[in-house]
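A quick write-up on the structure given underneath.
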Amino acid sequence: MHTAELALSLLLVVIIVVSLLSNVLVLICFLYNAEIRKQVPGLFILNLTFCNLLLSASSMPLTLIGVLSNAHPGGHIFCQVVGFLDTFLTTNSMLSMAALSIDRWVAVVFPLSYHSRIRHRDAIIALAYTWVHSLSFSVVAACLSWVGYHQLYASCTLCNGRAVNAKTQFTIYTMVLHSLTFLLVSVVLCVTYLKVLKVARFHCKRIDVITMQTLVLLVDIHPSVRQRCLEEQKRRRQRATRKISTFIGTFVICFTPYVITRIVELFVTEPFNPYWGVLCKSLAYSKAACDPFVYSLLRHQYRKTCSDIINRLLKRSSPNGSGHQQENGKIGRAKEIVKDGEVEDRPTH
C-alpha cells in the first residue's frame, strides 16, 4: 500500500469514527432533553443528524474498502443502493443546513415575532420539501442507471453514462443538481448569516457604548478591571464573526473541491489523479463529522445536557435538579441571547 493510500485510509477511519460518535451523541441529547425536542430548529438538527449517521454507516465504509482493496466493493445492486443513498443523504443534509440558517436568521433579525413566523408546522413543511427535493434527484439518477461505482472517488456514487446522449443528459442533470443544492445552499448561507452578523455587530456596538459609559462613571475603578472590560469588548466583537465564519467556512471548504471536481470531470477527457478524487470525497464526508460540533455540541444547551447525562451515568448529583431543570434551561438560554452578540440561540417561550 502506498503512503498516499495509507494516509487517505487513516483519514477516512478518523472521519467515520468521529462522525458516528458525535452524531450519536447529538441524537442522545435530543432524546434526553425535552427542551431541545420542543424547539423548532431541533427538527432540522435531527434530520441533519439522521442523514449524517446513515452516510457514515453506508457510503463511508464502502469508500474505505474501495481505497484499501482498489476494487469494486460489493455487488452491482448493492452499490446502486448505496449510490442512491449517497445522493439522497448528501442533498438532504445540504438543504437541512439551509433550513437551519433561515431559522437562525429569523430568530436574530425578528426575535419578537419568531414564534409566530417559525412554527413546528412550518418546520415539517420545510423538511418535507428537503425530502421531496432529495428523493427527486436520487430517483432520477437511479432510474437512468446513473449510480454505481466510480473509480475516481473509490465509492458508489453518481457516475457517467457511456452513450453520447446519456453523457449529455448526465451533464445537464449534474449541473442542475449542483445548482439547486450546493450553489443554492451557498447563497442562502451567505445571505442569511451575513445579515445575522450585521445584527450581531450592531448589538455588540450598543453593548460597547453602555460599557464605556459605565467605565467613565466609575472613576475609581481599578485599572485591571478596566482592562478586562476592554478585552471583553474585543472578544465580543470577534465572537460573532468567528461563529459566522465557521458556519459558512466549513460548508465551503468541505464541499467546494468535490463539487468543482464533479463539474470539471464532465468537460475534460484527461483522467484525474485518483488520490485527488478520494481526498475530495473525504472532505465532503468530513462535513458529517463537523456538523454535530458546528450546530449542536458546542452550544450551551447541548453541553449542559451532556454534563447531565454523564452525571447520571456516574450517579452524581447534577447541579440542576430535576425540579429546576426546565427553569434553569430557560435562564441559561436567556443568558446566551444576551451574551456578546450571540447568534445561535433564540428567545424562549
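Positions of Cβ are set from backbone N, Cα and C atoms, glycine also.
Where the annotation comes from TrEMBL, it is an automatic prediction and has not been curated.
What TrEMBL lists as transmembrane segment is 6-32 (among others).
Summed and averaged per residue, pLDDT over the domain 'G-protein coupled receptors family 1 profile' (22-295) gives 87. According to TrEMBL, the feature domain 'G-protein coupled receptors family 1 profile' maps to 22-295.
Feature annotation from TrEMBL assigns transmembrane segment to 44-68 (among others).
TrEMBL lists 126-150 (among others) with the feature transmembrane segment.
Using a Cβ-Cβ cut-off under 8 Å and counting only residues 6 or more beyond its ends in the same chain, the transmembrane segment (170-196) has close neighbours at 87, 90-91, 94-95, 97-98, 101-102, 104-105, 108-109, 133, 137, 140-141, 144, 146, 158, 160-161, 244, 247-248, 251-252, 255-256, 259, 262-263, 266-267, 343. Per TrEMBL, transmembrane segment is recorded for 170-196 (among others).
TrEMBL lists 244-264 (among others) with the feature transmembrane segment. Tertiary proximity for the transmembrane segment (244-264) is limited to same-chain residues at least six positions away from its ends with a CB under 8 Å from its CB atoms, namely 94, 97, 101, 158, 174-175, 178, 182, 185-186, 189-190, 193-194, 196-197, 200, 272, 276-277, 279-281, 283-284, 286-287, 290, 294, 343.
Feature annotation from TrEMBL assigns region 'Disordered' to 317-349.
Sequence annotations record features per position, and here TrEMBL assigns compositional bias 'Polar residues' to 317-328.
The feature compositional bias 'Basic and acidic residues' is assigned by TrEMBL to 333-349.
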